[in-house]
Amino acid sequence: MPVFNLNLHYFRKVTKLVGPFGLTNALSLIHSFALYWSMTRLSVNINKIATIRNARGGNNPDLVRVALDCERFGAQGITVHPRPDERHIRYQDVLDLSPVVTTEFNIEGNPDDRFIELVKRVKPAQVTLVPDAPDAITSNAGWDTVRHADHLRRLVDTFKADGIRVSIFVDADEKMVDGAKAVGTDRIELYTEPYAAAFATDREAAVAPFVRAAQRAHELGLGLNAGHDLSLDNLRFFNERVPNLDEVSIGHALISDALYYGLENTIQMYLRELA
């Protein structure tokens, strides 16, 4: 939480600037913005919306409209994960979303040649590198950042040259965090499925490796994201225990909850878990 030091000169300048709005109200507004920017941010993964659309063809539900609604309802980012077979997000969807998404646009995926070309064309706020096989139902492991160091370093350099923030999907392993730092990434995204699977049995044991990985990332100056199987059941505990968490990317659970609670209400529910 930022600390605002008001010396006399600054006090007079602020008073003059705020005028009839009032210093108390102005400082309250600044405080609200500071709280907003310090909280863990929610990026909504809209792949499942594309899955529903593709089941019948056509453009219902409209992916662009859903993305804009997610932003309007409070999401601080939109995530898409195009795969080579385009079984949910299509490459054209990414091109359609790029000019209209006003929050952080995050494109994640396995960095094959077509994916690299797409990301360099769109230039999103963030690219998340995920080592998923083309036939994988969903992401199921993080990168071995030591074994694939040379490959990852080339990718990081390629995307950063275009001004794109790079995040690498990793398991909650301090060695993998060290490896991510060594290849020059800006952030890591912790693969949270093991946490979600063990949460009901022993939540403290489940979260412990993520706490250690997060602490190591902070020591190294890496930004920290997390995602996979986070839900209303386990999100608050994870957010409270894992330090310096910048962003969570949530899709399957959030869209499933929206079937019952509605999209706007569901996004607000997730934001409250992160407050």
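Just so you know, glycine gets a Cβ as well, placed from its N, Cα and C.
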For the 3-amino-2-oxopropyl phosphate site that TrEMBL assigns to ASN45, ARG56, GLY251, HIS252, which of the candidates ASP62, ASP69, ASP229, ASP233 is also assigned? ASP229
Reported as an integer number of Å, what is the Cα distance between HIS81 (active site, proton acceptor) and GLU108 (active site, proton acceptor)? 5
Tell me which of the recorded positions ARG83, HIS88, GLU108, GLU189, HIS228 ends up closest to ARG56 (3-amino-2-oxopropyl phosphate binding site) in space, Cα to Cα. HIS88
Separation of alpha carbons, HIS228 (active site, proton donor) and GLY251 (3-amino-2-oxopropyl phosphate binding site) (Å): 8
The correct three-state DSSP answer for GLY251 (3-amino-2-oxopropyl phosphate binding site) is coil
In Å, how large is the greatest distance between any two Cα atoms among ASN45, ARG56, ASP229, GLY251, HIS252, the listed binders of 3-amino-2-oxopropyl phosphate? 26
